[in-house]
Ligand SMILES: NC(=O)C1=CN([C@@H]2O[C@H](COP(=O)(O)OP(=O)(O)OC[C@H]3O[C@@H](n4cnc5c(N)ncnc54)[C@H](OP(=O)(O)O)[C@@H]3O)[C@@H](O)[C@H]2O)[C@@H](O)CC1
Ligand SMILES: [K+]
């Protein structure tokens, strides 16, 4: 699904009104009625005190429409109008009049000197103060109100955006932002919902299709692409019957050092579980017995050094090479990476200490084959591209880096970002149980495997990241978050592929 900017979405609102010949009040009615239906589906008439905080723009207008429907369905509703300005929008005013027709319990005005209403932990708060029209940080008494809502402990549902959250920048330190438990956002996801610095504000997220014109949305350039099952399934290459192992890649995994042989074992297991036809490892001598015993399906070549890598096996004919897990950053090992980059011209996958070696000796970056895939976690990324002020700057710096060196960056996190020049892909699978040792080694194996099977490099990265996450979700549902081991992620890749083509009950 496309991630769009606030400007694109408000422009799409306007264009849709023209194309569908509807007023903005009708579009608001449509959008807010969908929100009402979602609430009604879950509350099912429960007598919970509902407190709706409405701004005076169109986000507030949505709040008033929701209030009207809830009142008409006999919910206990109290509406507050947050009077941060006198410039009420037309649709706000029209819906204010309509609300008065269904209740005598008129909205209460909250102004600068008003005592804020009490909010109990059992209340249900609907935040319709600011939406995508936010154009400056929320401060002063409006900010105090936002903090008052946050401090209440009540379940908070944000409409379109948690109030105070910009779509295109992180909030400043003194700005107040609603910390929502749930956000129902209109039409398309927004980038801030997925960035480490801002993702917590939206809580659980649901995107509502409010029927903006499909052709119009298709024509818009995405700020980024959100990758879910549907997008991942579209990238997957089905296996043909008339094939043999030679059709599925011959990957070489170079990694490990004394005490860190497990890392390469995980990577190789993941590569084979992801469908590689042939998988070989190049490791220090000390790992020979471990790998041969742990993974009989793999072939093992050893370096002349017993404890670390010191060379690249130039006479070995692999179609993709992955380098870095558990290798350390010794000078000898740097030479091994250098030899690899000087002798291998197809895309490689570089992870972990391989990235740290590149960061220490930036000249090596120029040797990277075009479309190589680098898989840093935030610490490794910082060493590679430098410090950033905030997540938006990080993404710009990462795009510049990707363009400069013609490589694909896979920035690992709760939502892993894959960056290919100006294009960004945001992963939407996975869970916190995957924050565990070796998880990244497994990811490198999955991506390497797909690259070896002939996927376009960016697809190998994006699909690999998604399946890695989905496999983690499957493993977590079996073992629970705490007990999840990286090896479980590797083992479940096949189930994740199967799941790509299963329909979920909720989608039906
Ligand atoms: N027909 C449609 O288009 C549809 C729109 N929909 C809904 O409309 C929402 C967007 O509505 P919106 O554009 O009216 O802006 P909104 O977020 O309500 O803000 C209101 C005003 O607040 C002001 N302001 C900004 N920051 C401020 C601050 N820090 N402190 C104080 N004031 C501040 C600023 O005005 P200013 O003061 O700058 O003149 C701004 O204009 C969207 O999120 C969705 O919920 C849906 O119904 C679908 C159909
Ligand atoms: K809001």
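Any Cβ shown, glycine's included, is placed from N, Cα and C.
Cross-referencing 10, 24, 163 against the K(+) binding annotation in TrEMBL, which names 59, 127, picks out 163. Take the AMP site that TrEMBL assigns to 412, 413, 414, 415, 416: the candidate from 386, 438, 440 listed for it is 440. Cβ neighbour count within 10 Å across all protein chains ranks 412 highest among the binding-site residues 136, 377, 412, 415. Checking the binding-site residues 60, 134, 136, 413 against ligand 2 with a 6 Å cutoff on the Cβ atom leaves no residue at all.
Other than 59, 127, 163, the residues of this chain whose Cβ falls within 8 Å of the Cβ centroid of the K(+) site are, in sequence order, 53, 55, 60, 63, 128, 129, 130, 131, 158, 159, 160, 161, 162, 164, 178. Comment: AMP site residues 412, 413, 414, 415, 416, 440; largest CA to CA distance 14 Å, whole number.
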